[in-house]
Amino acid sequence: MKLAPLAEFRRALHRQPEVSGREQRTSEVIAAALRELRPDRIWTSLGAGAGTGADGGFGVAAAFDGTAEGPTVLFRAELDALPIQEAAGPEHASEVPGVAHLCGHDGHMTILLGLARRLAARRPDRGRAVLLFQPAEETGEGARAIVRDPRFAELRPDHAFALHNLPGSPLGEVVLREGTFNCASRGFVARLVGRTSHAAHPEDGLSPAAAMCELAMALTELHLHETLSEAALGAAPGLTLSTLIHARLGEVAFGTAPGEAFVMATLRAEHDAQMGRLSELALGTAERIAAAHGLRLETRWQDEFRACVNSSDACSRIVAAAEVEGLRVRTLTTPFRWSEDFGSLRECGASLAMFGLGAGESHPQLHAPDYDFPDALIERGAGMFWRVAEGLLFDA
């Protein structure tokens, strides 16, 4: 059986990106590539009908079984791309207008396929390796949908591992942290509803303009609230952040005094307990301001991510794998502020760890229009996952 070079496979994925919840073709390509390797079992359409609000349900997983009893070890990659126009550049540039793999998920999928090829050539001695290709990471919905799919019980892991490429770090450097690796985050949307009137008679309406400005300012300072202190929470202090991302008053119509406004903010916290309190503060602040101005308030949450918390045992296995692969390890003192929905796998009780893999100190940043996953990381990433699998599933 002739297999396409991994870099070629990655570039083919790059040409045909699909956004979160719409990864049907990508999942079909992955499933076909896995079937060529004859795993012991393949699952498709994982996450469909899980009741999370996620579209699609295009998760794919494959299991490579050992001959003796042992743990289930899960390795995860993401299927989705971003709704961003790619800059002109590589020959393998996106062929889909306004959509591109600018976070490196094409590379992460290829790394996992590289691991699958190694497992096909040498099956585990014990337990089983499960390779999960997960949809809708960018919206925070995919992992949650997978975990809540009734079929997830069939592949529930004892250990779970994932990686993310990291521009700005030396190529191949392993970046790790025990405890919180990525912060929790939630998108807060507040709609302030008053009463529209003619611009010539604003006194006949009820404008939300002042309330919008007041709420926007309050949200930018929300993370400084005294109830987020160590004494108030009874926990070690950690990062909290509230970032205003959007505000809008009515529409562009010079004859109208608008009666509707929107304010949106992204909340971030190192610990889930802090996120709970930060969310309460955001909602309470919006309610107080709306009531003071006589406005009706509507709120909702979106793009919700739990904190990704690395276990001590899983981290030690990453360090051991890096040592065998000859890769330098850098330990973070604080977590990354950005979020990743791999943390949702905590719901199944697995010992988990996510680590970073340096993409180059001068490499374009994630989500930048000129970003492209460095193919030099494919074998490094597959090697790291393979060494982790060796330690858990293979005899010495």
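Heads up, the Cβ atoms here are built off N, Cα and C, so glycines get one too.
The annotation in TrEMBL ties Cys103, His105, Glu138, His367 to Mn(2+), and of the candidates under consideration, His164, His198, His201, the one tied to the same site is His164.
Each of the binding-site residues His164, His367 was scored by the number of other CB atoms within 10 A of its CB, and the lowest score belongs to His367.
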